[in-house]
Structures are given as C-alpha cells and as structure tokens.
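Trainee: The structure's right below; bear with me while I get my questions together.
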Amino acid sequence: MAFDPQFLLNGVIVGSTIALAAIGLTLIFGILDFINFAHGEYLTLGAYAALVANVALGLPFVVAAVVAIPITVALALALDRVVFYPLRREGAGALSLLITSFGLSIILRNAVEMVWSSDPRRFDVGGAEAMAIAGVRITAVQIAIVVVSLVLMIAIHLLLTRTTLGVTMRATASNRSLALSSGVNTERIVTWTWVIGAGLTAIAGVLIGLNTVVRPSMGFGLLLVMFAAVILGGIGDPYGAMLGGLSIGIAQEVSVAFISASYKPAVAFTIMVVLLLWKPEGLRGADT
Amino acid sequence: MLEQLSFMTSVATVAGIYAVLALGLNIHWGETGLLNFGHVAFFAVGAYTTAILTIPSPTATQAYSFGFGLPVVVGIVGGCIAAGLVAVLLGIPTLQLDEEYLAIVSIGLAEILRHVMMNENWLTGGVAGLYGIDRPLRGVIPPEAYDFFYLGLVVLAVGLCYAYSRRLKQSPFGRVLRSIRDDEEASIALGKHTFRYRMQAFVVGGVMAGLAGALWAHYATALTPTAFGANITFLTWVGLIVGGSGNSKGAILGAGLIIAFREATRYLPDLYGLGDIIPTLRLILVGALVIVTIRYRPDGLLPERDISYAEYCKRVEYGGE
Amino acid sequence: MSDDGLLEVRDLNKYFGGVTAVDGFDMTVERNSITGLIGPNGAGKTTVFRTISGFHDPDGGKVVFDGEEITGKPVYEIVEAGITRTFQEARTFPEMTVFENLLVGKTGHRGEKLLPTTAGPKAYAEDERAAVEHADQLLGYMELAEKRDQRADRLAVGERKLLEIARALMTNPDLILLDEPMAGLPSDLTTDIVDYIERIREERDQTFLIVEHDMDTIMNICDSITVMEAGQTIASGTPEEVRNDERVVEAYLGEESA
Ligand SMILES: Nc1ncnc2c1ncn2[C@@H]1O[C@H](COP(=O)(O)OP(=O)(O)O)[C@@H](O)[C@H]1O
Ligand SMILES: [Mg+2]
C-alpha cells in the first residue's frame, strides 16, 4: 500500500514532545545517578498548572503555558529538597532513590486525581481547524508544537555547548562514575538539572495536553515511551534523548498503519527490548 | 456477627494472596536485588492462564474463543508455569544489565500486558473479561463453609511459599543470591555464574506471583483488565518494604498490614462522607509510607536476620575451634 | 612457547573506544612465585588484571594458564581453572557477615544449585560441612575470628582487605591476583598483609601476582617484577634488575620520588 505521509507528520509532532521530556529524564538520570520514576508526574503537573492558569484563571493560553514552567520547576525543587536531598546527603544508593521516586510518583498522580478528578480536560485555545498542506492535514496548534519543540532543542544545544554550566552538566551526565564524586559543586549542578529537566518536561506536558487532552495519568502513561527514548539515545546523552524521542514518536505513529493503535506503547517497548538485546554495551556506557 | 466473620475471612484471603505475591517479590528484591516493577504481570499471567485452562468452551455470545474446561489443579499448575516462562522471557534482555534496566522493562511489560488483556478479546475476553471461573471442590464443600475452605487453601499456599523461601534463604544457593544483591561483580570474581542465579531467582519469584494470580482467579471467579493495574505491584512493594525485605516473615506481615489498611479504609466513606477522595487519598498515604520507611527504617519492621557462625556449625555438626 | 611459567601473557591488547589501555603487553608468572606488576597510574595494570581474570575480552593477544589457553573465557571458567582476583577497592558483601562472605567463596558446592537446595539441607550437607570447615580455618589463619558474626560493612578498611584475600583463598586458587592490597593502609597493617602473603605462599604452595604502589614493599616481597607504562611492558626481572633499569627509573621511579 502507498505510504501515507500523514503518519510521519503525526510522528514528528508526538516525537518532538517526547523528546523534550526525555531530555529532562536523561539529564536527571545521568547527573543524579538514579532513574526518576516520578518524571512522568512532572509532565502531568506542568499540564495542570497551565490548565489552571488558562481555564480557571482565564489567562491567555501562551501566558498560561509560560507560567506553568516556574511552577513546575519550583515544585520539582521543593520535592528534591524534601524527598531526595536527605537521601543523597546520607549517601543512600541509587536503588533507594529509585524506590522513593516510585512512591513519589504514586503520591503525585493520585494527588492530581484527587484535586481535578480523572476526567480528561482541554485547554481553552483556538487554532484547531485543520488545514491541508502538501497533502497532509495539520492544525495551527500542531505547527506551533513542532516549532516550540525545535526552538527549545536548539536552546538546549546552545546551553550545553556554550555555557560552562552546560558543558559541566554534559560531562557529568555522560560519565556515571563521575556523577557525584568529582570536585565540581554538585548541589549547584543538581539544582540546575532539576530546573532544566522539570522546565522542559512541563512544556512537554503542556504541548502534549494541547495536542490531545490533559488527564492525571498522562505522564505515567508516557513513562515507558520516555524510558525507551532515553535508552535508545544512551543514558545521560541529551542529544541521544532528542533523537530517541523523535524516532520513537515516529515509529509509534507510523505503526498505526500496520497494527492496532492501542499497541502504540508496545512499539516503544519492542524497540527498547530489541536494543537491550542487540547493543547492551552501548547502553551501559563503556565496557566496564 | 456472621457478616463480620465473613468479611474477616475475605480480607484474610486477599491478604494471603498478597502475602504470596510479597514472598515472590522478596526473592526478587529482598534476596537477589532484582528491581521488579512489573510484578503484576506475573500475577495477571497466572490468573488468566488458569482461567483459560479451566473455563468451559465459549458459547456463540461470548467474546473469547478458548476455554478448555480442565480441572482447577491443572489450571493452577499451568498458571505457575506460564508465569515462570514470562520470567525467563523478561529476564533474557534485562538480567545481564544493571538493575535499573529490569525496573524499566518490567514496568513496561506490565503495561503492555494490560493492553493485551483489553484488546485481545479472543484470548482474554477484552474489557468484559473472563467469568464463570470454577472454584475447586465446589460441589464437595458445603456452600456455607466454602469461604473458610478457600482461606485454608490460601493459607496452605502461603505456608508452602514461606517454607520454600526459608529453605532458599538458609541454603548456599540463597547465600549466592545475597552476594549478588550486595555486589554482583565481587560475586562474579568468585566464579559465580551470576546471570544463571539471577534468572533462577527471577523464575522462582515469578512462579510464586503466578500462583497468587491463580488463587485470585479461582477466588474472584471473574477477571477484568482493570483489576490488574500497576497498583498491585505498588501495594506489594509497600508491603515488602514496610514488613522488611530480605525477611520472609516481614513480607507476610507487610502484605497483611497493607491489605488490612486498605480494607479498613474502605469503610471510611460511610463514616465521614469522604467517598470520592478515599481511593486516591489511600494511595497517597501508602506512597508516603514508602518514602518514610526508606528514609527512616530502610530495613522494615522485621529486618533481615543474619545466620550466625554458631548456627552454621550446629547445622553441619562441626565443632569449630 | 619458550618458557613454561604458570601464567603467560603474550602481546595483550585492550582498547576502550579510542583509548588504548593495554598495548602489546607481555609477562610471565613463575609457579610458586610472588610476582609484582608495577607502573604509574593509568599504565593499565588494573585492565591487565581484568583481562586475565575474564572481566574484559581482550582485543588481541593471548593468556595461557597452566598450559591451557584461557583468553576471553568467562570469569567462572577462569576461576575454575585456578585464578581468582581481588579488587583495588576491597569489595566485600556489605550486608552479609564475615563468615558468610567467606562461605560464598567456596566453589563447586552442590548446595549452590537450585535442585539440591529444593531437596533440602541433607542433599548438600557434606559440601556445606567442608565449606564451614574451610572458612573456619581461614578465619583463624587471618585472625578474623572475633569478627566472624559482624556484617562486612562494619569492618575497617584493613579488615576488609584481609577478608577479601581470605575469601579469594576459599576458591582454592593456584594463582591469586591482588590489586593494590596495601593501598590506603597504615604501615603496621601493610606489614601484616605482607606476612600473610609470604606465609600463604610457603604453606599453601600458592602463586601471587600483585599490583602495588608501595615500592619498598614490592621490592621487598617479590621474586620477580614486571614494569608497565602506557600499556606496554618496559622491563621485567628481579627487583635488583628492575631497580637499575634505566627506562624504569625514568618512567616510574622518577615520578614516584617527585
Ligand atoms: N572501563 C574503562 N573505560 C574506559 N577507559 C578505561 C576503563 N578502564 C580503564 N580505562 C583507561 O585505561 C587506562 C588504564 O587504566 P587502569 O588499567 O585502571 O590503570 P592502572 O590500574 O594502571 O592505574 C587509563 O587511561 C584508564 O582511563
Ligand atoms: Mg589500578
């Protein structure tokens, strides 16, 4: 059958939002040396922060989206202080941190559901009329999603290559043994990692909510996809996460042409497992 | 009075099933250090396998296409075997890598299985699920005593899993598992084929979870995908961590406490009119419990017990110095 | 092969991405000797150890042990062949007791298989008794008896290093590879460890290959020394010969005194 470019386009839209969230996840994994299972909930929180500003307070959508960033970042930093920092200080292992984040994920997800119920919600924004460009349907909102994602990825690239902070972050993230042992002022880097990671993830949440709906389980549902993107790109590698996110998004959407749409997550999962079997040494960093 | 007794019986049965789940997870995490975040996958596979093996063949109106009408015993054994096979398949790509990979892949598998349960109507009956699952010795045990009988079966299963866990714990095999948990590379350096051990431990724990699933299926008599969410994994983890990972008694105690807490809070809505928020509030509290336990009492209520030199000497009838 | 040492390493290579860690390295370890492997930091000593013991696959060259090629074999086969290594950073099993740490070292134990375990303690009683006896003997030997019921994470660094050596002995190796066994220890403990190594060699017919930074100790204890720099062998011979070798003085001893 002829390939429908519409699937590819959908893949780029979904993939670019996943990529944003995956950058945050991979940086946190690389620098704090643990997998944050609550990462999906930061995405959800970002979406709800914008939703409240937009729908409840009546702010214009763009303003609401921007306001969501500092709110999510502040929450992430507060949670780090209260939940993760004490463990870090006591030198608790990565597995204690991981299990703790698992607990945190449940708390946040259910707190969101308690406040806003599990009903799906939508942003109050126009631009939903599809136009046809070169044979594919796309809305103004979707164009905006892709443009914002690309701009942010370029911004992250500049940050990681042009600033001392970014260079240090990249070095720390790519070398797990260096993570917390070297002489650099690690707590400062940790803070900036949360700021950047949670900020990007909040935007990803807003964009995903814009493209679909906002609901309490949205972040948790994307966790698997984000993990797959991180593993595909190599842990701690922000560029890998971008590429991984885009590839997984595209693979998922294109798969709809062949298999039931309800198996989209299975596509990400399969890619991840095949990769683990085929190239595990690449994923563990260097051969140890 | 009778009503209360029957309520207690049902709570105890569910607690027992969770105890079996927790004992399985204890072999994974407590003994071997395997981060299994998809425990519900084994539970679900055990439950659905025994259901499919034992229900009668479908009539034209039913969504599913398989039902073998086999005896319950065959179903339960089949459920355990299927869960063990899932462990092997899940272990192959993950158990040679760092612990975190198993966490990621297992949570993913559990999620995918849920989609399979919802969408593959021919196998699982889809969202409507499978129902009319047989109960063992239904015709033989008088109906008014049946719940006690089933509780007895569950207690027997807990006892068997406990006895086996203990046997493992005290064996040189269990010692190697703990060494892998503590420092895999050092264990490799002593010539242990650690992948093989991890796989065996993973299968043993998975089979226990499969058994728990099978017991659940014949207790509930109907299965729907909504009953197999990530919360089952989560509650089992909480039970194990609070009870004391690395200690089988702790696993049972923790599972009992968590289920008691859940059932006790079921009745709060009527008391205070908090109906809507209770399910979420309960999970929030349980999540907080995990964080607090990890921080302030990482060894749980019943910490792991070391086997002393004297015990070793006594066991092998060795005089020592 | 011309010489017939217990261990022969020939033209060994190991790369990590672009980094060449071991670059055509050669060495021979004679039976029943204490042989030293020295070289500046980053010379590739630990990588050589990891490659000999099966933790790394070499990118070239071969390792022959007791007449049998073991290049690239998995660790468990190499341990079975008779080589056991320790770690530079003294790795014990922190949440297990000292005595259990030792018991884990027993190799070929029937009770470490799942089937006999399932059958119950009787199925492996004999092996377990042998393990307990062996471990008990080593406890006495290494003067760790007082600490036998303590968890390993409670031990001081020196005790952990002793425990690690004792645990390696539990595998009944012909050759033990010790990676910096004295690093970070006070001098009295260093002397203790030297005594143990010499005694074990005498009484148990054991061969040692030791990486160590402490030059005095190494010159003192070793029958033969191989010096490496940047992944290559630059000298080998008796301590006397090595001490007077120009390249060694230049490459290593000079730096050491700086
Ligand atoms: N796992 C690894 N990945 C990448 N490079 C490594 C790895 N292990 C060692 N190296 C590099 O190989 C070289 C030799 O290291 P090593 O064998 O540890 O030296 P030594 O023990 O003599 O100090 C060093 O340059 C080190 O950075
Ligand atoms: Mg070294």
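Along the chain as shown, the residues are counted starting at 1.
Heads up, the Cβ atoms here are built off N, Cα and C, so glycines get one too.
Curation does not apply to TrEMBL; its annotations are automatic.
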Trainee: Would you mind telling me which of B:35-56, B:101-122 TrEMBL tags as transmembrane segment?
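Mentor: That would be B:35-56, the stretch labelled transmembrane segment in TrEMBL.
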Trainee: Restricting to the same chain and to residues at least six past its boundaries, which positions have a Cβ under 8 Å from a Cβ of the transmembrane segment (B:234-259)?
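Mentor: Cβ under 8 Å, 6 or more out: 11, 14-15, 18-19, 21-23, 25-26, 29-31, 37, 39, 158, 162, 165-166, 169, 178, 283, 286-287, 289-290, 293-294, 299-305.
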Trainee: Please tell me whether the transmembrane segment (B:148-165) and the transmembrane segment (B:7-29) touch - that is, whether there are at least 3 C-beta pairs under 8 Å between them, with each pair 6 or more apart in sequence.
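Mentor: They do touch: at least three Cβ pairs between the two stretches lie under 8 Å.
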Trainee: Who are the chain neighbours of the transmembrane segment (B:68-92) in space, where the CB to CB distance is under 8 Å and they lie at least 6 residues beyond its ends?
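Mentor: Non-local partners: 38, 41-43, 45-47, 49-57, 102, 105-106, 109, 134-136, 198-199, 202-203, 205-207, 209-211, 213-215, 217-218.
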